[in-house]
Amino acid sequence: MDMTTTEDLRARSRRRKLIIQTLLLAVTVIAILGAVRSAQQNLAALGITSGFGFLDRATGWDYSFSLVERSIDDPYWRTLLVGFGNTLFVGFVSIFLSTILGLIIGTARDSAHPAINAAATVYVQIFRNIPLILQAVFLYSVLIHFPGPRQAVTIADAVFVSNRGLMMPGLNLSLGVALGLLLTLLALAVALILRKVPLLRGFGIWLATSVLLCAVTAVVLRPEGGTILSIPELKGLRFVGGITVPVELVAMITSITLYGSAYIAEVVRGGLNQVPRGLTEAGQALGLSPGAIWGRIKVPMALRSIVPPLGNQWIFIMKATTIGIAIGYSDLFYIVSNSITQSGQTLELIFLLMAAFLLVNFSIALFVNWLNARLQLKAH
Amino acid sequence: MRMSYADTTQRLGLWAASFRKRGFGTPLASVISILVYGGLAYCIWLAVDWAILSAVWSAKDVARCGDTSGACWSVIDARHRLILFGLYPYEEHWRSTLACVAIIATVILSCFPAAWSAWRLAVLWVVGFATYYLLMEGSLLGLRQVTTDGWGGLALTLFLFSAVVLLGMPMGLGLALMRRSEMPVVRLFAMVLIDFIRSLPLLTTLFTAAVVLPILLPSWLEGDKIWRVIVAFALFFACYQAEVFRGAFQAIPKGQFEAGKALGLGYWSIMFRLILPQVFRHALPSTINMVVVTFKETAIVIIIGFFDVLASAKAAFGTGEWSPHYLEVYIFVAAIYWVFIFSLGQYGEYLKGRMAIAER
């Protein structure tokens, strides 16, 4: 092959690549411009003014659940924020619970004891192989068919389950104090991680401090004349005192936790499985107890391969909260969907919904990357 | 590894000995064994008693449902057609039945190694899907026409599932190739699209397709809601599947591309004759996993207003006389999902193990 043809071929290939890329760019731009144009026409035909001005208008409709006071006079921005808070609340509670449960079940799946292993396998195979939304509506139906408060199913007369939800004892604290307590505990968790305390011991310290701190706050800062513990009591047709968790929230957290923990258990089992046999045997030879082998050898070694897929599961759980609308839990998707029906500001609302999920999932991914970097073995 | 009969019995004996040692080696282990097995046996007994021994089976015996402590399967006997086929015309149900059989047969046939080449799988799925569509729609076969609005129940779930996999697989391959491209604009386009879709909940993507797209598209491009949702779902599938393919691409040594180039083969020849057959092999276990997840996720379309198997289940106990038996209906539908997903999942696990041995 002489030089000119090679040069020719190179030039032709470069030209072709340039044309393909220009075409792709052009098609994308045309598609976006076309979408903007037809959006303008369609919105004009519907008589909708675009923009975020509607956020200040009062909504005029109520929804099922919020952590803070709500009213139908709330503006859209506040209602959307409440929905976002509900999503984060259910997401983080479910992530927390399913991680702990997944760690336990995954360890059981890795157990040499055949019976423990079998029980964990049954758990994983049941909850992983049925669609989450089916589990949620199933559980919700079961819960709303529970007897009313007067015939509520009870455990030790302190925890009650009725068709109104789950009533359980709580600390007698005002909302502000409870919020402050929560933030303190969160700060403590961050501080423990930053001080590079080993994860498991750190969690132990955190749990012990939390219990102690809650008890002390409850004794010192309880509202005037209140008892330390508030226990639900049947007064007439409803319960007074304690914490009431509405049916929708119980169904959401329980179903997401069961489903998520089955997946996390598989991640944990995979990680524990990858720890070389020789290391556990070395632990046995040193006379370590099974608990010490698990806590000091297996888990620290396994965490390195567990954390990346675990992060994916956390993001998955966050995304799974959108099933709330199927059982009437007012998460962000529910609120956005309702707002679209009521206000017609479809594009703005879907933009906010997407932005919120991108923000949360991106933050979780950042956190997991950071955790992962911290866990990797340092090069010597 | 081939085992003789003697080997098998010996292994069984070893397994039994190890089981005894692990399960009953210490007093504590024995206590745990007895408690767990006892608990499991008790649960199984309760389930068998409820679902089989004390159950009422026939729709004619529905009056007896009040007396028994067991399940009232009468509701399934009476309403199973609604659950399986939705509001499809009653006298045409043989068509839905055959159509569902076509899809299930397609899935089962794809599991045989004899079907594992890109062409055979493509032909199999196109034929299976076409059979389904022709039977359900009917007008091309000279049968009574039933449009997609009339489809429902398990038949609709299977339709969504097969359409999404069939459309999503080539899209996923395309995205994976784009993501590996030497051209920066093409690569960036694929990267942004894949990461964007993967960060959003599936429901958001489907909701956008169902509700938001009609605003963004000119009316001549709008199409049916069901097709918009299928295309969006396929895009979701493709973005995850592209990552599966990407992992498989990474398992192929770079030398193979270079060897292809040195032989004077063009890009498409290298891809289709050299690289992709190996990529498909590597990607198979994860692909099966993706297919299983997709089948599970189709359940979410009830939220954007499709009459899938979950919606028809709700309708099945929605009328007054059947409303006390919601539990039986949900368990029936859960069992359908479970059997599909469990068996496909186990098959994927088996395949993974087999390929791990082949790789050694």
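Quick reminder: no glycine exception, Cβ is built from N, Cα and C everywhere.
Here is what TrEMBL says about this protein:
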type	residues	note
DOMAIN	A:84-368	domain 'ABC transmembrane type-1'
TRANSMEM	A:80-105	transmembrane segment
TRANSMEM	A:126-146	transmembrane segment
TRANSMEM	A:166-194	transmembrane segment
TRANSMEM	A:203-223	transmembrane segment
TRANSMEM	A:243-265	transmembrane segment
TRANSMEM	A:314-337	transmembrane segment
TRANSMEM	A:349-371	transmembrane segment
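Taking pairs at least six residues apart, the transmembrane segment (A:166-194) and the transmembrane segment (A:80-105) share fewer than three Cβ pairs below 8 Å and do not count as touching.
Among the stretches A:80-105, A:203-223, A:349-371, the one making the largest number of Cβ pairs under 8 Å with the transmembrane segment (A:314-337) is A:80-105. Outside the transmembrane segment (A:243-265) by six or more residues, the chain places 64-65, 90, 93-95, 97-99, 101-103, 105-106, 108-109, 120, 123-124, 126-128, 132, 135-136, 138-140, 143-144, 163-170, 230, 232, 310, 313, 316-317, 320-321, 323-324, 327-329 with a CB less than 8 A from a CB of the stretch. Beyond the ends of the transmembrane segment (A:349-371), by six or more residues, the same chain brings 80, 84, 87-88, 91, 193, 307-308, 310-311, 314-315, 318-319, 332-333, 336, 339-340, 343 to within a C-beta distance below 8 angstroms of the stretch. Sequence-distant contacts of the transmembrane segment (A:126-146) (same chain, at least 6 residues past either end, Cβ-Cβ under 8 Å): 152-153, 161-163, 165, 247-248, 250-252, 254-256, 258-259, 261-263, 266, 320, 323, 326-327.
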